[in-house]
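Visitor: The structure follows.
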C-alpha cells in the first residue's frame with residue numbers, strides 16, 4: 001500500500017511540476033511551489 | 001490589550017491588505033499574514049512551522065487532486081453531459097423532479113471534490129444553459145448554481161471545512177455523511193424550487209429536448225456510466241465490508257474510477273486532461289497551504305488559544321449569534337479559513353451537543369461563506385457563467401442563504417436529538 005500511496009503522490013508531483021513550468025503567471029507558479037514542498041517531503045519520506 | 005489580540009488583528013489586517021488592496025491571491029496573502037504574525041509574536045520567520053502547517057492538508061491535497069482528475073475524465077468522456085440529457089429526457093414532464101435532479105447534478109462535482117468552484121465550473125456550466133432554456137432568468141440561474149455548488153461542497157463524501165474542523169480537534173472524519181446529507185439535501189431542494197419552479201412552469205419542454213445532445217449516450221449506452229458506478233460501489237464496499245475489502249482510500253478509489261472512465265466513453269487526450277485537471281486544482285491547493293501556515297502560526301503564537309478562550313467565555317446566546325454571523329462572514333476571506341480559525345473554537349464551546357452533528361453544521365455554515373463578497377468564490381464564478389453582475393445574483397441568493405442559515409441554527413440547537421443521523 002505504501003508504494004501505491006507514493007505512486008499517487010509522485011503522479012500529483014509530476015502534474016504540478018508540468019503545470020508550474022508551462023504556466024507564465026508568477027502567482028500560479030508560487031501556489032504550485034507551495035503545494036510541491038510538502039508533497040516532495042512526503043515522497044522522500046522525510047516528513 | 002493582550003498581545004495575542006494584537007497578533008490576530010495584525011494577521012487579519014495584513015491578509016486583507018494583500019488580498020483586497022494589493023489584489024494578491026488568497027494563498028500568498030495568508031502566507032504574508034502568517035509571517036507578520038510570527039514576527040510580531042517574536043518567533044522570527046519560522047520556516048519549519050510554516051511548512052509543518054501545510055502537512056495538515058496533505059491527505060486533502062491528494063483527495064482534491066484525484067477527485068479533479070475523476071471529474072475531468074467523466075466530463076471528457078461525455079458522462080456528465082449524457083447524465084444531464086437523460087434527466088431532461090426522462091423528467092421533462094415534471095419540472096419539480098427535473099429541477100431537483102439538475103440541482104443534484106450541480107452538487108455532484110462539489111460532493112466529490114469538496115470545492116464549490118469546481119462544481120460551478122464543471123456541472124454548473126453544463127446545467128446553466130438548460131435552466132435558462134427552461135425560462136429561469138439569468139440572475140436566478142446564477143443564484144441556483146452558486147447555492148447548488150455550495151451545497152455540493154458541504155455534502156458528503158468530501159467536505160473540506162468539516163475535515164478542517166475535525167482535524168482541529170483530533171476527531172476522525174467519520175460518521176459525517178448522515179448529518180451532512182440531512183443539512184444539504186433539504187436546503188438544495190428548497191433553493192432550486194424556490195428560485196426556479198415559478199418560471200420553469202411556463203416553458204415548452206419539447207423545445208428543450210431538441211437542443212440536448214443524446215449522441216454520446218446513444219453511442220456508448222450504459223457503459224458510459226461505469227466510472228460512476230465503480231466509484232459508488234468502491235466507496236460503499238470499503239465501508240460496508242472492511243474485513244473483506246481493504247480500505248483503499250479516496251485518492252485510490254478516484255484513480256481506479258478515472259482509469260475505468262478512459263475506456264467507457266468518448267476518446268480524449270489523457271495527458272492533456274491530467275495536466276488540465278491539475279491546472280484548475282493548484283490555486284485551490286495553494287489556498288489550503290496558505291490556510292495551513294496561517295493556522296500553524298496562530299497556534300504557535302497563542303492566538304488560537306486566545307480565540308478558543310474567548311469563544312468559551314461567551315454566553316450561549318452570544319455564541320450562537322457569533323456562529324451565524326461571524327462564521328459565514330469569514331467566507332469573505334476564505335470559507336476554509338473560517339472553518340479552521342473559528343470552526344474549531346466554536347466546536348469546543350459547544351461540547352455539550354453531539355460533536356459530529358455540531359461539526360457538520362459548523363462546516364455547513366462556513367461553506368455558506370462562499371457567497372460572501374468580495375471573494376465569493378461560488379457566487380462570482382456563477383455570475384460569470386450567466387453573464388450577470390454578482391450583485392444581481394446575490395439578490396436572489398439572499399433568501400435561500402438565510403433559510404439555510406436558519407435551518408443550520410436549528411440543527412445546532414437540536415444536535416443532541418440528531419445523533420440518529422450518524423451511521
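In case you wondered, yes, glycine gets a Cβ from its N, Cα and C as well.
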Visitor: Quick check on the annotations: TrEMBL lists transmembrane segment for one of B:244-263, B:264-283. Which range is it?
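Guide: It is B:244-263 that TrEMBL describes as transmembrane segment.
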Visitor: Among the recorded stretches B:54-74, B:118-136, B:178-197, which has the greatest number of Cβ pairs closer than 8 Å to the transmembrane segment (B:143-166)?
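Guide: Ranked by Cβ pairs under 8 Å, first place goes to B:178-197.
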Visitor: Hey, which of B:29-48, B:95-112, B:178-197, B:346-366 has the most Cβ-Cβ pairs under 8 Å against the transmembrane segment (B:284-307)?
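Guide: It is B:29-48, which has the most Cβ pairs under 8 Å.
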Visitor: Between the transmembrane segment (B:118-136) and the stretches B:6-22, B:54-74, B:95-112, B:178-197, B:319-339, work out which stretch tops the count of Cβ pairs under 8 Å.
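Guide: The stretch I would name here is B:95-112.
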